[in-house]
Amino acid sequence: GMAELEHFIGYGGKHLNTVRYHPLKKETLVYGAAAAIIIEDVNDPHKQEFLRGHDNEVSALDVSANGKLVASGQLGSVGRKGAVAPVVVWDFDARAKYGEFAGLSNGVLCVKFSEDGRFLVGTGANQMIFVWDVSTGEVVYSRRTESPCFMAAWGPTDTAGRHPSYQLCTAYDSQVLVHCMAFDVRSMCYALSSDPVQFPPSGLQRKHICGVVHDGFLITGTSAGDICVFNVGAKVFRAALPVCNNGCTGLALCRGTLFIAGGDGRVKALAGQDAHWDVLAENILESDVAALTVSADGLELVAGTRNGKLWRLLSSDLTATLQAATHTDEVTDVAFGSSSDVVCTASSAGEVHVLDLSEYMPITATSAKSAARSVTLTSGAEILVGYDDGTVRAWPRGQPATSGRGNRQAPLWEIQAHRGGVTAVRATLDFIVTGGNDCAVRFWHRATRELLATFSNHRKPVSDLHVDQALPHVVHSGSEDKLVVAYDLKQNKPIIQHFTQHSNVTGLSQRRDREKEVVSCSLDGKILFWDVDYSEPTGCIDSPGPTPDSPAVRLRCVEVSPSGRYIAAGADDARLYIYDLASCSCIQECEGHAGGLTSVRWSPDQKQIVTAGRDGCVIVWNFFEF
């Protein structure tokens, strides 16, 4: 069998303006998702391609006007010295890396191509600004500024002479600069001159977040929620016009219409020039707008919001429809019910999403103030979720995926289950079983939800719970205290306590053949098999490694496939491992996530595997059996 990456769900809404429509292909969207860049058809979410080469979240993105190049910058590297934040240029048609530029660190704030795609400006959290020649890789200009520069915008290119000259606007603190970049015949290279823009004598304290140059004017969006207009030729401030609250986070221009994105969820279309602009249309989305981009034909916009959602808007009246829902923090759990088309995911931001895998569209979305740790889809129409605040809440499966701004739904019911938070929840027709940070395992009556039994065998938090497939009144629990325990609810007692020497148990599943042994994964990379009649493990599969160079694979989650032949496990090294029980060996290591895996689940038809990661992404893998 083989798994291949089929679909990535992970926009997240964390960074400003990391969503871009392709300037020529009107149905193609390019956006950042954790450390990957996704190229997606807005009309067919099954058509996705990936650019991978960053080792931390993509924090800045641009596409050249001719559509041939993509530039992306990342947050400071965790693994490399000095928190370096490389800027990568990609060949769009080849879907491959074209070049890489160094010099920025701690995070890239902004990357922008010149109109002709020949030059690239990049700014970083280390207060550096660079202009690179994309074709030669040379640094044309570099400077350390007094404070970080969030905004850079190119003006039109002057092609009159033998060597084109360029106009670039940048801003930091409350300064706005206009640069002219022209070819110097004496030194045979481009040189940059800079002039500050004149402000009124009273001054204007603003943090400029984004900007565009249009018709000889620079228009910036500021953290104060206004747009500032400057005459670029005269290098003079013209006006500050309030447009939204909580900051103007994005600007997009198309055919004379200026679209603005607000930190208050507002999207507006404006028409005008210089200091006079009129509102043509406006809409308010569910959450602060973090990205706004116009399609090549000008008919549509895509907006990304801070709550992890992507929206499609008609540019004529700004009516919005939901395009995708993603998590905004670490994804903590994945669950299937009986259908292979419906999967449920939860996050430490308290979000619970139910997704239709045939369309990749959200069916249901709920959110709570507390982190969601464990989720299960019951045979009824309920989603049971365990939270850090110690509650288990039941949500209806048919909750709409979009809510108005600030609307909070109410759960069907909730129980206070564990002090210090719920770590696992499972349900049968007769009972609900929960595990917690208080090291306890508790059984609850399914209908009345009264407490039936509490077991305190573990000395560390309960990592996972598994309801036995052969004996539905038996439940298994595992913990990093190296114990695997089986409880019989009919006898109201633990029936066996398995102990391992070195294996901190993180996940549980069960074989479908032989003695239906319980399967555990652990931080030493071992997959162990447990028979209810023996205290010692009855079998073991080792993961690849450890070698002197690579330590043991720290496994976090495990599941036996529906046919019983394969095992999927996820690890802290961000890889998905597939094992074949016929040969008792690892047959595949799959890369896709940028952070450790927290949960792995097979679809009931075994055609797909869904993984959840600390990077905030959910990845759907297709699985082919040979």
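Glycine too: its Cβ is placed from the backbone N, Cα and C atoms.
Sequence-distant contacts of the repeat 'WD' (101-142), counting only residues of its own chain at least 6 positions beyond either end whose CB sits under 8 Å from a CB of the stretch, comprise 59-66, 68-69, 71-76, 82-89, 148-154, 156-157, 164, 166, 168, 170, 172, 181, 189-192. The annotation repeat 'WD' is assigned in TrEMBL to 101-142 (among others).
Here TrEMBL flags 415-454 (among others) as repeat 'WD'. Same-chain residues lying 6 or more positions outside the repeat 'WD' (415-454) and placing a CB less than 8 Å from one of its CB atoms are 371, 373-376, 378-379, 384-392, 460-467, 472-473, 475, 477, 479, 481, 485, 487, 489, 492.
Same-chain residues lying 6+ beyond the ends of the repeat 'WD' (590-626) with a Cβ under 8 Å from its Cβ atoms: 1-10, 12, 14, 33-36, 54-57, 326-336, 338-340, 343, 345, 347, 355, 357, 554, 556-559, 561-563, 566, 568-578. The annotation repeat 'WD' is assigned in TrEMBL to 590-626 (among others).
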Helix, strand and coil totals (DSSP H, G, I; E, B; other) for the repeat 'WD' (101-142): 0 helix, 25 strand, 17 coil
